[in-house]
Amino acid sequence: MLERIKDSFTHSIQTKIDASEALPESIAKAAEMMVHCLLGGNKILACGNGGSAGDAQHFSAELLNRFEVERPPLPAIALTTDTSTITAIANDYSYDEIFSKQILALGQPGDILLAISTSGHSGNVIKAIEAALSRDMTIVALTGKDGGPMAGLLSINDVEIRVPSNSTARIQEVHLLAIHCLCDNIDRTLFPQDEQQ
């Protein structure tokens, strides 16, 4: 058991090392897009399932409240939190539409969708991307494995941050780090006077 726990740490560290080589450019581009979005008076919508829903809420909370520096709140909405809306859509239409219908109502041209799926195969996240694109939104996709069908929906205007791993747990761990990197870059670009070491 102890060896298995140590292996989990080792595998997590190695995945982060691999990601540190593969992901910085994508994360930097995504952060730049988010800064441009926010400066333009737009907002960021976020969605995912299970642990990825938690990540969507985590990202939204960091923007609405604060990350590591004091600053004004920034507009972000996690589409995973309104149980009345989610269950109404799932019951009346389908689970695949729980995010897309919200995006069609709330999304505006210039907004960004942060779409999170460890596999890239989540049907409702795929529908969310399609809805966002129909609203002239830009996509930042956090994925893993081979990117799945989500990767195929993205254009040169979008960004995929694909974790180089096939382990769902390891992908989720790097997704959280990527989210923290996005928040840090957003804060330090928008509020450089608040920079701390």
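Numbers here mean position along the shown chain, with the first residue as 1.
The backbone N, Cα and C atoms fix where each Cβ goes, and this holds for glycine too.
Per Swiss-Prot, domain 'SIS' is recorded for 34-196, and the stated evidence type is sequence analysis. Here the domain 'SIS' (34-196) returns a mean pLDDT of 97 for the predicted model.
The substrate binding site annotation in Swiss-Prot covers Asn49, Gly50, Gly51, Glu62, Asn91, Asp92, Ser117, Thr118, Ser119, Ser122, Gln172 and is backed by sequence analysis. Under the three-state DSSP scheme, Ser119 (substrate binding site) falls in the coil class. Ser119 (substrate binding site) has a Cβ environment of 18 other Cβ atoms inside 10 Å.
As annotated by Swiss-Prot, Zn(2+) binding site applies to His58, Glu62, Gln172, His180. A helical conformation is recorded for His180 (Zn(2+) binding site) in the three-state DSSP classification.
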Inquiry  = I need the nearest neighbour of His180 (Zn(2+) binding site) among the binding-site residues Asn49, Asn91, Ser117, Ser119, Gln172, using C-alpha distances.
reply    = Gln172
Key: Asn49 (substrate binding site) - helix vs strand vs coil (DSSP)   = coil
Query = Rounded to the nearest angstrom, how far is the Cα of Gly51 (substrate binding site) from the Cα of Glu62 (Zn(2+) binding site)?
reply = 16
